[in-house]
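What TrEMBL annotates here:
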DOMAIN    A:6-79  domain 'Glycine transporter'
DOMAIN    A:91-164  domain 'Glycine transporter'
TRANSMEM  A:63-82  transmembrane segment
TRANSMEM  A:89-109  transmembrane segment
TRANSMEM  A:115-136  transmembrane segment
TRANSMEM  A:148-166  transmembrane segment
TRANSMEM  A:172-192  transmembrane segment
Amino acid sequence: MNWALTLDLLGTFFFAISGSLLAAQRGYDIVGSLLLGSLTGLGGGVIRDLIIGVPPTAFAEPVHLAAPVAAAVLVFFLASGVERYSRPLLIFDAGGLALFCTTGTVKALEAGMNPVAAMLLGVTTGVGGGLLRDVVANRDPQLFNSSDLYAVPAFLGAAIVAGVWFTALPNVVTVFVAAIVVFVFRVLSLHFRWRIPHAKGQPKMGRASE
Amino acid sequence: MNWALTLDLLGTFFFAISGSLLAAQRGYDIVGSLLLGSLTGLGGGVIRDLIIGVPPTAFAEPVHLAAPVAAAVLVFFLASGVERYSRPLLIFDAGGLALFCTTGTVKALEAGMNPVAAMLLGVTTGVGGGLLRDVVANRDPQLFNSSDLYAVPAFLGAAIVAGVWFTALPNVVTVFVAAIVVFVFRVLSLHFRWRIPHAKGQPKMGRASE
Amino acid sequence: MNWALTLDLLGTFFFAISGSLLAAQRGYDIVGSLLLGSLTGLGGGVIRDLIIGVPPTAFAEPVHLAAPVAAAVLVFFLASGVERYSRPLLIFDAGGLALFCTTGTVKALEAGMNPVAAMLLGVTTGVGGGLLRDVVANRDPQLFNSSDLYAVPAFLGAAIVAGVWFTALPNVVTVFVAAIVVFVFRVLSLHFRWRIPHAKGQPKMGRASE
């Protein structure tokens, strides 16, 4: 098993845990937990592969399905009461984000994309699964929650990987270090509620009409 | 007209009816009814074809557009008051699910996918249109409603078709029988409110924070 | 720079402005504004290119990313208070709709699609970005708002372009005139609240159960 596949499976597993935890919070049954975990874990990668133009690995390599199955089983048996806490969901989501924004950039560069497009695709891969999860579960996406930073660490991780590409081939060490940076950045932003400026005007979540 | 196309059109028509009925419930106009019906009827197949890597049949074979048009017209002229009842929507949705999870698996197998991936793609095709319908109409997806079974019959239908693939080529009889099994299973689960275990903890639809 | 790319960039910019304005209304930060603008501006085109089967231009030609960046910066610095008004969002959305439904039809015809499929893909391209914007921001899609016309002008624009295809190659004049027709039609429908018949029965947005 090569390192790219290992990191991909780990990212899928982390995101799938976040999906299954949200399913538990929402009172979905075990099949709903498996489905939301699968969508979260595999969704970003499917979008990535469709845009690159290769057969989605989630289908081409069925080993990817083991990750959401393991996640759903784990959450089902171990998560007694854990769904009352939102922190585990956020931590696993941060792990998936860190791995997918970096490995997504690598896959795009390997497919011959220019570095700017590769960065964009890395960010899309990183935020895609969580966005699908939140949209399908009918809640305001984590991605747009302005009380912490979500896309900024993903941009940073994708930029590190794309930057290294100019000097050397990204390898397991590069990607792993970049992923750690993203993860730590994201968790610190959650803990300290780092923010960035809002567009001027109204505060939060208001809806206005003329 | 071959049988695969016939079943595909029938599934598209059933799902389109469900979409147009939801549109009527929501007070959309006839164009909104046509659009929601089209998205529901054609959405699962477009996802299926993009993942397989062939041109989406909804666009390659415009005859597919006849199904949502017929569905929107039917619902418009015949549905006086029917939108007050959720049962017709559920029955037509079950018909679409039954046909798409089985024919989706066949298409995936014919495209050379391994049986596990073909099953997954069959389930994705079956639940995809209804999920798009519910997400776009901004309601909690039927797929995750834990008071009945939705994905389980789809898995069963896809598994029957993939299983037969090992012994013989799935033909119209195989697919039709599998679809009937899915449909009956789904309708019985609705009628008797069959359930499967929840992840432990909170009851339904609650949202929690730390 | 050819005219097709120019119109494409302009449409992307208009849609991106509408996404960034919605982000401002919702209180998203500048990164959320950039992301929602990008999804709105680039989403329809990515769907179009995936269905046609070519690499999405948003990734193949990074110049497309300039449009949402410019839109997010503009909204951030100039939009003080503008997010209290829904009209600018609707006007820019109409501009994006007008350009994308016409250029989407051209791209589909150039890719060898039959005229009916090309019309459908033009409409899909036109309404896709705004639908993604509304779904991701968790609000009832503009597309289904039955107090004005949204898809009808898009169908008209796509039909004009596909009709001209039979007599001559659509060129910049054809597409531009068709886009103007769509834009004016859409704005008039907003101003005069043109409507089309509803499916019989209940009024608006009600949800019913048996």
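Placement of Cβ uses the backbone N, Cα and C atoms for every residue, glycine included.
Those TrEMBL annotations? Automatic predictions, nothing curated.
Worth saying up front: this structure is predicted, and the values here are computed from it rather than measured.
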Select the range from A:63-82, A:89-109, A:148-166, A:172-192 that forms the most Cβ-Cβ pairs under 8 Å with the transmembrane segment (A:115-136).
A:89-109
Could you put numbers on the helix, strand and coil content of the domain 'Glycine transporter' (A:91-164), residue by residue per DSSP?
59 helix, 0 strand, 15 coil
For the domain 'Glycine transporter' (A:6-79), residues assigned helix / strand / coil by DSSP:
65 helix, 1 strand, 8 coil
Averaged across the domain 'Glycine transporter' (A:6-79), what pLDDT does the model get? Just tell me the whole number, please.
93
